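Asker: Supplied in structure tokens, the structure appears directly below.
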Amino acid sequence: MHIITVEGIGNRQRGLHPIQESLAQAHGSQCGFCTPGFIMSMYALLRSNKQPPTEEQIEENLAGNLCRCTGYRPIIDAFRVFAKTDDSLYTNSTSASSSTNQTICPSTGKPCLCGSSSEACGRKQHRPISYSETDGSSYNEKELIFPPELLLRKIMPLSLHGFGGLKWYRPLRLQHVLYLKSCYPEAKLVVGNTEVGIETKFKNAQYQVLICVTHVVELNALNVGEDGIEIGASVRLTQLQQVLQKVVAERDSHEISSCKAILEQLKWFAGKQIRNVASVGGNVCTASPISDLNPLWMASNAKFRLIDCEGNIRTVFAKDFFLGYRKVDIRHDEILLSILLPWTRPFEFVKEFKQAHRREDDIALVNAGMRAYIRAENEDWIIADVSIVYGGVAALSLSSSRTEKYLMGKKWDKKLLEDVLNVLKEDINIPENAPGGMAEFRKSLTLSFFFKFFMWVTHEMNVEGHFKEGLHATQLSAIQPYSRPSSFGSQSYELARHGTAVGLPMIHLSSKLQVTGEAEYTDDTPTSQNTLHAALILSRRAHARILSIDDSRAKSSPGFSGLFLAKDVPGSNKLGPVVHDEELFASEVVTCVGQVIGIVVADTHENAKAAASNVEIKYEDLPAILSIREAVDSGSFHPNTARSLVKGDVEWCFKSSCDKIIEGEVQVGGQEHFYLEPQSSLVWTVDAGNEVHMISSTQAPQKNQEYAANVLDLPLSKVVCKTKRIGGGFGGKETRASFFAAAASVASYHLRTAVKITLDRDVDMMTTGQRHSFLGKYKVGFTNEGKVMGLDLEIYNNGGNSLDLSVSVLERAMFTSENVYDIPHVKIRGQVCFTNFPSNTAFRGFGGPQGMLIAENWIQYIASELQKSPEEIRELNFHNEGMVLHYGQVLENCTIRQVWDELKISCDFQNAREAVSSFNCQNRWRKRGVAMVPTKFGISFTAKHMNQAGALVQVYIDGTVLVTHGGVEMGQGLHTKVAQIAASSFNIPLSSVFISETSTDKVPNASPTAASASSDMYGAAVLDACEQIKARMEPIACRQKHSSFAQLARACHMERIDLSAHGFYITPNIGFDWKLGKGAPFSYYTYGAAFAEVEIDALTGDFYTRTADIVMDLGYSLNPAIDVGQIEGAFIQGLGWVALEELKWGDAHHKWIRPGNLFTCGPGTYKIPSVNDIPLKFKVSLLKGAPNPKAIHSSKAVGEPPFFLASAVLFAIKDAIIAARAEEGLNEWFPLDNPATPERIRMACVDSFTKHFASPNYRPKLSV
């Protein structure tokens, strides 16, 4: 075996590989946790391609990689330099440009000077890495080639034996496989382990005998014959793709309809990494009801060849092979040998269909394979044979037998379409509470897919001249294939340089460690051999009394070392960041699924999990509250959380100042943080428990310190928490990380040894809480011109089973409930709901996006009532300088109109609107929409005492500087910006400043790294410390001239000058009194606006973002490259919130999920944006010439403000839906909840297909 790792292709000692160098220089690594995966995906693509890849191939290859920080654009830009744009650049043929003696850039395909200067194109260009299997001469001296001896080595059969009697075999011949099958009839055959691995890891499946058939020659056969293609069961999906591409290019067009359908479906089948190892036979025999290929095998009349242990071969039609849920017609002594895919006949058409939550790398919600064979009889075309097969509608891939029977012998015409849809809607029945839910949507897709198939066949026959009448031009959009060109991004900003480093687009200080995989995270911390691993004992009930806990089986589990419950907590069992209302370990009653009851430690992570699962708990169920509405109806609120803000007199306004009044409700969905690095802490004791130290992935080391001290009954001075970097946080590690660190500290304290806890993704998602869902009930009065006069708003958020930070989240939502609009009369009331879900917590925006989303919904409603565009209503109501907000703060330095006007010019809004209208007139089934949305985000913690920061700066005699501050580096570039401030202050290079880690024993009592305020506060604290040191150095510097800062530092040391200083900063002139409902909670505001254009498929709900254009006012940016990265990352994360990421809980709307359980608890069911979800055109501009007098070096905070701008995509989607509904004569207002998933888009695009299953006012269910 030979494995090349990210460290192997380049590192600090040997130097970086061009791929690593390019990604670092392009600012493509923020938190860095996902970076090695992207590096290796790109490396594998370059090494395995015989030609340099195209830009489209690069994006396709990266679709299986996820990033939560960057927004993907800089990653794509970094790798684009390796793409082929002109074949002549890589061959000996002459290019048209050669006559002009111009060099063509291989990166852009345009004339440039990069042939003579490696820096001419903005950054270093890299020669394409050529393909070679064994020859190393074409690589540079640092390049690793695949060892030739491994290619020449003869493959040998293997027989391995593992723990617990596990047997693993790798035979090389079919006869050996059959022999092993006869010996072990229950053995599981494995190729890529893409399904078996999931079953064993997540579903606790146990297979005692595994037979690996990857190298069995007979099972890897791919034969193209007279009857069709015979595909061996072990053939990988990528191999099948390659053969089908060759067949499609070479065979007659009438023979390859099924080949083209399968080829097209494979494009959307998982990611390329999975297709490279997954086998055809594995996918067939798994018999998943949502398999993308099985409906096509069935529809194409494919045959499955089975062979038994005696060598007898049996043939089964694919239609007869699937018997039930994951049950197939294979006897215990048989295996699947091959699949025969027959050629299609003239006038035989096969087509694939699939709709998923996310187009790329996602499992189907509904898919289908359809085939029709028609023949001429007199002047008519009659259906001679037909297959209609659906996946995702039953426990197995299902043939629509009644529909097929009805179609046989019928004439192919428009009347047939109308009649068959009535039959089909009765043929496929999906019960309301069927697994997966969305019954109305899934049933409507069955009709939409057949409609698309009918239109496609009609069009094909017309194009070939067999049908006189084809499709009307507006109907062609029903069959338009999806094709995504490569994306393009642009960034515009001015440099406001201050000193040696501030204002420059420096790369992230850790980026070169991250691209080589050398950056260390909590789980990478070297540990001693006796370090134990922890797993949590979790509640399985939403609300119940604990009757008994039986831990006897857990204590006898392999590797068990200890188990700790509430009674074992040395100090207080009560925790909480504001109110101590949460138990570390539940003692008598559990109030949510996933609540921690205890902790188990063992010698390995797997053994700890196994022991925890062996704890048996008996419960007595109690009534559970599982939604905001249930909480409001039953008066279930967290104590002392009612809040109120009042400006003017709303009741008087509604009676005397308004021409119109509207009322409505807005449901705002939650969102999972999905940081790439899960919650992780390593805790150990010192001096027999007298001290406790920990390394933790947390945004708030001080909170970890406080929680651990509290549960261990130790003073804070004896607990130290350190954090070097974290792999993403977004608020999810502000308070919740402290809880798990405290749990591990109890085990470590009792056992006097190191304990590590790292949560699995599903456990992390079901225990840590998410972005708060909200319910807003509004009443808005306005004039006939559109001027908003009064707002009456009730707002509720879902706090979960403990208060955590929910009241602060509610308060910020109330502060932002007018967004950027001047409203003379306002009354807002809010309260935090107690529900039986895990406690929800901080998330980027901290309630602000939810409050603004409610506001933008009633802005849309006003526009609908007045028959004006929402943009007109927004402009009419903008804030102006000096206005007093509804909570008493006076607006200063308001730049929203400048930002808005610049965006209108940048996106050419009027022409964009006209182009969309023109497109919509010409296309019935695809619609485009546009929207412009503004934002205003207040900067400061709303709790006044948290707006303080400390820092320690130390100058060494060699002139280098060590900075320690209370903030945590989580990818946002905080350390980089702070280092730039220090470097500029001392007038030294950035390379002379180092920031190692954040530690509670260096800077005490630090506030969490949150609220977007860290660069402001810690930058100012560091500057304060630097200025103190400079003041001490000044007399020495004035005495004589020093050639360098190092010389000056040494001279100061010789004069016994203190070269260390503690800096401190408090945010001035802020404070708010909730008793009065007035004050100035924010230091200043960050403004922004975004334009988006989208295109939707009205028949399926599919959509993509064509354009996003963003303008942000960030004052004089400390580091424009990092700030642009924050904007792009926030926008794409926001795109997930408004359009992709849906949390599904077991509640009254989702009865197919167990009460209180989270269904979407992993990447298989919860979909964050991928590479192919970013806008095709992605433009970011920073407002020029707008310094901010309220923050360091005239900069502005950036982390959270851009997040809400992604709502432009939501409202652009709604704009497109409005155009679709207008086709049916529906012009009235309608709600569109976020996320605008395919289900919500499709069901809002009312037509004759949806009307079979739902009313025009149908509102898909949402967990809030």
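Glycine too: its Cβ is placed from the backbone N, Cα and C atoms.
Since we're looking at a predicted model, the values are computed, not measured.
The feature [2Fe-2S] cluster binding site is assigned by TrEMBL to Cys31, Cys34, Cys67, Cys69. The annotation domain 'FAD-binding PCMH-type' is assigned in TrEMBL to 161-346. Look at TrEMBL and you will find 189-196, Phe269, 279-283, Asp292, Leu336, Lys354 tagged as FAD binding site. The Mo-molybdopterin binding site feature in TrEMBL is assigned to Gln699, Phe730, Arg844, Ala1011. Residues or ranges marked as substrate binding site by TrEMBL: Glu734, Arg812, Phe846, Thr942. According to TrEMBL, the active site, proton acceptor annotation covers Glu1200.
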Asker: Where's the emptiest Cβ shell within 10 Å among the binding-site residues Cys31, Cys69, Leu189, Ala1011?
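Answerer: Ranked by other Cβ atoms within 10 Å, the binding-site residues Cys31, Cys69, Leu189, Ala1011 bottom out at Leu189.
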Asker: Work through the recorded positions one by one (Glu195, Phe730, Glu1200) and name whichever has its CA nearest to the CA of Cys69 ([2Fe-2S] cluster binding site).
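Answerer: With Cα distances computed to Cys69 ([2Fe-2S] cluster binding site), the winner among Glu195, Phe730, Glu1200 is Phe730.
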Asker: Reported as an integer number of Å, what is the Cα distance between Arg812 (substrate binding site) and Ala1011 (Mo-molybdopterin binding site)?
Answerer: 11
Asker: Looking at Cβ-Cβ distances, which residues of the chain lie under 8 angstroms from Phe730 (Mo-molybdopterin binding site) while being 6 or more apart from it?
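Answerer: Listed in sequence order, they are Arg68, His673, Tyr675, Phe843, Arg844, Gln1133.
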Asker: Taking only the residues in the domain 'FAD-binding PCMH-type' (161-346), give me the average pLDDT of this model.
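Answerer: Mean per-residue confidence for the domain 'FAD-binding PCMH-type' (161-346): 95 out of 100.
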Asker: Only counting partners 6 or more residues apart, tell me which same-chain residues put their Cβ under 8 Å from the Cβ of Ser279 (FAD binding site).
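Answerer: Looking at Cβ-Cβ distances below 8 Å from Ser279 (FAD binding site), excluding near sequence neighbours, one finds Val191, Gly192, Ala233, Ser234, Val235, Arg236, Leu237.
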Asker: Would you pick out, from the binding-site residues Gln699, Thr942, the residue whose Cβ has the largest number of other Cβ atoms within 10 Å?
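Answerer: For the binding-site residues Gln699, Thr942, the Cβ with the most other Cβ atoms within 10 Å is Gln699.
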Asker: How many other Cβ atoms sit within 10 Å of the Cβ of Arg812 (substrate binding site)?
Answerer: 25
Asker: Reported as an integer number of Å, what is the Cα distance between Phe846 (substrate binding site) and Ala1011 (Mo-molybdopterin binding site)?
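Answerer: Rounded to a whole number, the Cα-Cα distance is 8 Å.
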Asker: Just checking: which of Cys67, Leu189, Gly282, Gln699, Thr942, Ala1011 have a Cα that is within 10 Å of the Cα of Glu1200 (active site, proton acceptor), counting only these binding-site residues?
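Answerer: Cα within 10 Å of Glu1200 (active site, proton acceptor): Ala1011.
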Asker: In Å, rounded, how far does the Cα of Glu734 (substrate binding site) sit from the Cα of Gln699 (Mo-molybdopterin binding site)?
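Answerer: Cα to Cα, Glu734 (substrate binding site) and Gln699 (Mo-molybdopterin binding site) are separated by 5 Å.
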Asker: Filter the binding-site residues Cys34, Cys67, Thr942 down to the ones within 10 angstroms of Gly282 (FAD binding site), Cα to Cα, kept in sequence order.
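Answerer: Final answer: none.
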Asker: Taking only the Cα atoms, work out how far Cys67 ([2Fe-2S] cluster binding site) lies from Gln699 (Mo-molybdopterin binding site), in Å, as a whole number.
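Answerer: Cα of Cys67 ([2Fe-2S] cluster binding site) to Cα of Gln699 (Mo-molybdopterin binding site) measures 19 Å after rounding.
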Asker: Within a 10 Å radius around the Cβ, which one of these binding-site residues has the most neighbouring Cβ atoms: Cys34, Cys67, Leu336?
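Answerer: Output for this query is Cys67.
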Asker: Taking the mean position of the Cβ atoms of Glu734, Arg812, Phe846, Thr942 as the substrate site, which residues outside that list, in the same chain, have a Cβ no more than 8 Å away, listed in sequence order?
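Answerer: Once Glu734, Arg812, Phe846, Thr942 are set aside, the remaining close residues are Leu805, Ser808, Val809, Glu811, Ala842, Gly847, Gly848, Phe941, Ala1010, Ala1011.
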Asker: Just to verify a number: CA distance, Ala1011 (Mo-molybdopterin binding site) to Cys34 ([2Fe-2S] cluster binding site), in angstrom, no decimals.
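Answerer: One finds 24 Å between the Cα atoms of these residues.
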Asker: If you measure C-alpha to C-alpha, which of Cys31, Cys34, Gln699, Thr942 (binding-site residues) come within 10 angstroms of Leu336 (FAD binding site)?
Answerer: none
Asker: Excluding near sequence neighbours, so keeping only residues 6 or more apart in the same chain, what lies with its CB under 8 A of Glu195 (FAD binding site)?
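Answerer: Listed in sequence order: Ala278, Gly282, Thr286.
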Asker: Determine, using Cα-Cα distances only, which of these binding-site residues is closest to Cys31 ([2Fe-2S] cluster binding site): Leu189, Gln699, Thr942.
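Answerer: That would be Gln699, the closest of Leu189, Gln699, Thr942 to Cys31 ([2Fe-2S] cluster binding site).
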Asker: Looking only at Gln699, Phe730, Arg844, Ala1011, the residues listed as binding Mo-molybdopterin, what is the longest Cα to Cα distance in Å?
Answerer: 12
Asker: Which residues, in sequence order, are found in the same chain with Cβ within 8 Å of the centroid defined by the Cβ atoms of Gln699, Phe730, Arg844, Ala1011 at the Mo-molybdopterin site, excluding those residues themselves?
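Answerer: Other same-chain residues near the Mo-molybdopterin site: Gly729, Gly731, Gly732, Glu734, Ala842, Phe843, Phe846, Thr1009, Ala1010, Ser1012, Gly1199, Glu1200.
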